[in-house]
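S.K.: Encoded as C-alpha cells, here's the structure I'll be asking about.
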Amino acid sequence: MSTVAYVPNPAPLGRLVVIGLGLIGGSFAKGIRAQGLFREVVGVDLDPASRQLAVEQGVADRCEEDLATACVGADVIQLAVPILAMERVLSVLATLDLGNAVITDVGSAKGAIVAAAVRVFGAVPARFVPGHPIAGSEKSGVEAARIELFRRHKVILTPLATTDVAALALVDRLWRALGADVEHMDVEHHDQVLAATSHLPHLLAFNIVDSLAKRDENLDIFRYAAGGFRDFTRIAGSDPTMWHDIFLANREAVLRVLDTYRYDLDALRAAVDAGDGRELLGVFTRARVAREHFDKILARRAYVDTMHSENDMIFNAQPGGTLSGRVRVPGDKSISHRSIMLGSLAEGTTEVSGFLEGEDALATLQAFRDMGVVIEGPLHGRVTIHGVGMNGLKAPPGPLYLGNSGTSMRLLSGLLAAQAFDTELTGDASLSKRPMNRVAVPLREMGAVIETGADGRPPLKIKGAQRLKGMHYDMPVASAQVKSSLLLAGLYADGQTSVTEPAPTRDHTERMLRGFGYPVTTEGNTARLTGGHHLKGGAIEVPADISSAAFFLVAASIAEGSELVLEHVGINPTRTGVIDILQLMGADLTLQNQREVGGEPVADIRVRSAPLKGIDIPEALVPLAIDEFPVLFVAAACAQGRTVLTGAEELRVKESDRIQSMADGLKVLGVHAEATPDGIVIEGGKMGGGEVDSHGDHRIAMAFSVASLRASAPIRIHDCANVATSFPNFLELAKRVGLRVSHEAVS
Ligand code: S3P
C-alpha cells in the first residue's frame, strides 16, 4: 500500500527576477507573485513604460533597468527576452556573482539557447534549466499578462545530463504552481517536435500569404478569399520579429521538416499532374481522419491538459418503462470488420453499406488506412474501399493501435503474419489484458514469427516475410476469431489450411470469402481453404447486429406491455443462440420477412413482453450466444425460478470478466447471482437499484441499462464510454423506444 507523505507548504523563497516583461515573462511574474512563492518578484525590462506598467498592474513588486542590481542575490532568474537576445543577457549574467541562483528561460528553440550558454559560460551551468511554455496569445506586452495564461498548457523543460536535480525540481514546481502540465524532453527532440508542429505551419502561413499578396492579381485573390484562406492563414498575423528569431534559432530542425514536407508536396503535385485521383483521395482521407482524431484529442484537451482520460462516463437508468416502435440497430460488428479486411485485399472496389461506425470497426478501418489502403467514408454507414490486392498492403508508419477490439487484433494477426513487412499490434488497457496465445501458438505452427507481451498478452510483434505453410488445426476452444485468423493466414499459405472447431461458431469469414469469389469449403465443423487464390471486390450490405438487437429483445420481453420490431437483423444460424435461449425461457419472438442479403440471412424480429422462466441453458447454445450473455443474465434475473449457465468460461476473457462483472452488479441490485468457474446461477426475483460498474465493458453497460426496466430504483452505471465500440447511438435508440436511460454529466 502506498502512503502519501505530508509535505508542509515550503517557506517562500527570496527573490524571483524576470528579465523581459512581455506577455510570457509578465504572466509568469504575475502568476508566481500571486501565489506568494517568493518574498519579492523583480522585473527587468529595457522599456521604461513596461517597467512602470508591471508595477502598476501587480506583475512585479519592483522593476529595475540594470541587470546587476536586479540579479545579484536572486534565487531564481527567468529569462523571457526574445531568443536572439538571450546570449547578450547571458553574457551580462556571466560577469555577475550569482551565487546559487537558478537560471531558466522560456525560449521556443532550445538548442540555440543551450549553444549560447556554452559560448558564454564555457559549459552549460548546472543550475541553468532550459524551458519552453507552449502558450501564447495574439496579444503581446506586459499589459496582456495573465495569471492564468499557463493553466492547463504544456511546459516542456529540456534538462541536460549535467543539470542540477534540485534546480530542475524547483523550476518544475514553479510551473506547476501556475497550473501548467510540465514535461521533460531532451533538447533535440523538443526542437524537432516544435519545428513540425509549430514552426513549419507558421512558415507556410507567412509564405502563402506573401506569395499570393505579391502577385498582380492580388486584389482579386483577397477579394474572393473565403473561409479556407482565412483559417489556413490566421497565424500569418503573428509577430514577425519573434518568428524571424525562431527560424534563425531553430534552423536545422526546421530544415529537416521542411525537406520532408517538400518531398510530400512534390508527390502531391505529381499526383495532380498525372490526374492520379486515388493518390489524392489517399492523402485527403488519411489527413481528414488524422485531423478528426486530433480534434478529439483537443476536445479532451489532451494536448494542453493531462488527466482527463480517466473521466467516468455514467449512465443513469431510471426505473420502469414500456417499449414500442420499430428500430434498426447499427451494423454487425463482426461483418463490418471483415468487410474492411477482405475489401482491402480484394482487386477492385468494394462498396459497403450498413457499416458499423463504432470504435472497434473503425480501428480496423484505420489500420488498413495505415497500411496504405484508400478508404472513403464512413458516411451514413457507407464505405468505399479501393482494394490493393492480396499483396498490395504497405508497411504502416508505426504500431497499429486497435483500441478495445479483440476481433481486430486476432484476425489481423493471421493476416499480417503473411505480409512482407513487420507490424506491431497494440490496444487499450482492456485489450492489453486479453489472451493472444490462442492465435499466436497455431500461427507459429504455420511458420509465423510472432512475439507477444508477458503471458501471451498484447502487444504482438509480427515479423514479416515469412513463408507460411497450410496445416490442420483442431481448435481447443470454440472461437470464431481463432478460426478466422488461421483462415486469413491460410490465404497466403502453401497448400491447404483447415480448422475444426469443437462447436459451431460464427461463419462470417467463410461466407464473405465465398462472396469475394474465394473457394472455401465447410464440412461438419471443419472449414478448409487453399492459399493462392484472389479476392474480387463487390458490394456488401451489413445487416443489423443481432448482438446489439439482443438488448432490445430482452428489454421488450421483460417490460410489461411492450411490443417492438427490430428491423433487418442478421439471423445467421451461428448467431441466433440468443433467440433460442429467450424462446426456451418463454419469450414471445417472431421472425418476419426473412430474406437473404449478400450471403447472410436477415429478418425483422417482433418482440412482445411475456413472463419468462428460468432454465438450464443448453451448452450447445453457448458459442451461438457468446456475446449476448450479459443481457441474458438480466432476462434470467427477471424470470421466475433459477437459470443455470455452464460451459461458458470464455466469458471470463471478454472485454471484462463478464461472469464476475455481471454477478457483482446483479448482487448490488439485490439479485441472487452466484458466479461459478464456467458460468453463473441466477435466481429470478425482485430487482432494486444502485451503483454498478461496467468495468469499461460495453455489453455490461448496456445490459444494466436494460435491467432498469424492472428495477424499483435508479441504476447508475459507471465506466460506460466503451458503449461507443459497438453501439454508438445506444442511448438515443434506447430513449426512442422507451428506456429511461441517459448519460450523466461527467464527474
Ligand atoms: C467474434 C467472435 C467472438 C465474439 C466477438 C466477435 C468475431 O469472439 O465474442 O465479439 O467477430 O469473430 P471469440 O472468437 O473469442 O469467441
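In case you wondered, yes, glycine gets a Cβ from its N, Cα and C as well.
Just so you know, TrEMBL annotations never went through curation; they're auto-generated.
Pulled from TrEMBL, these are the listed features:
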DOMAIN    14-302  domain 'Prephenate/arogenate dehydrogenase'
BINDING   K333, G406, R434, Q481, R658, R699  phosphoenolpyruvate binding site
BINDING   K333, S334, R338, S479, Q481, D627, K654  3-phosphoshikimate binding site
ACT_SITE  D627  active site, proton acceptor
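Describe the structural context of these features.
M.R.: Non-local neighbourhood of K333 (phosphoenolpyruvate binding site): L356, G358, D360, A361, T407, D545, S547, S726, each in the same chain, at least six residues away, with C-beta under 8 Å from its C-beta. Reduced to three states, the DSSP call for K333 (phosphoenolpyruvate binding site) is helix.
DSSP assigns K654 (3-phosphoshikimate binding site) to coil in the three-state reduction, outside any helix or strand.
DSSP assigns D627 (3-phosphoshikimate binding site) to coil in the three-state reduction, outside any helix or strand.
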S.K.: Quick one: of S334, R338, S479, D627, which binding-site residues lie within 10 angstroms of R434 (phosphoenolpyruvate binding site), measuring between C-alpha atoms? Sequence order, please.
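M.R.: Correct set: empty; none qualify.
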S.K.: Across all the protein chains here, work out how many other Cβ atoms are within 10 Å of the Cβ of S479 (3-phosphoshikimate binding site).
M.R.: 20
S.K.: Between 0 and 100, where does the mean pLDDT of the domain 'Prephenate/arogenate dehydrogenase' (14-302) sit?
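M.R.: It averages 92.
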S.K.: Rank the binding-site residues S334, Q481 by how many other Cβ atoms lie within 10 Å of each Cβ and give me the one with the fewest.
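M.R.: Fewest other Cβ atoms within 10 Å, among the binding-site residues S334, Q481, is found for Q481.
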S.K.: Should we count any of the binding-site residues R338, R434, S479, Q481, D627 as near ligand 1, judged by a CB under 6 A from one of its atoms, and which?
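M.R.: Going through R338, R434, S479, Q481, D627 in sequence order, those close to ligand 1 turn out to be S479, Q481, D627.
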S.K.: Which of the binding-site residues S334, D627, K654 has its Cα closest in space to the Cα of Q481 (phosphoenolpyruvate binding site)?
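M.R.: Ranked by Cα distance from Q481 (phosphoenolpyruvate binding site), first place goes to S334.
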S.K.: Going along the chain, which residues six or more apart from G406 (phosphoenolpyruvate binding site) have their CB under 8 A from its CB?
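M.R.: When sequence neighbours closer than 6 are ignored, G406 (phosphoenolpyruvate binding site) has L431, R434, Q481, K654, E655 within Cβ distance under 8 Å.
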S.K.: By a simple count, how many Cβ atoms lie within 10 Å of the Cβ of R338 (3-phosphoshikimate binding site), its own Cβ left out?
M.R.: 26
S.K.: Determine, from DSSP, whether S479 (3-phosphoshikimate binding site) sits in helix, strand or coil.
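M.R.: The residue in question, S479 (3-phosphoshikimate binding site), is coil (DSSP, three-state).
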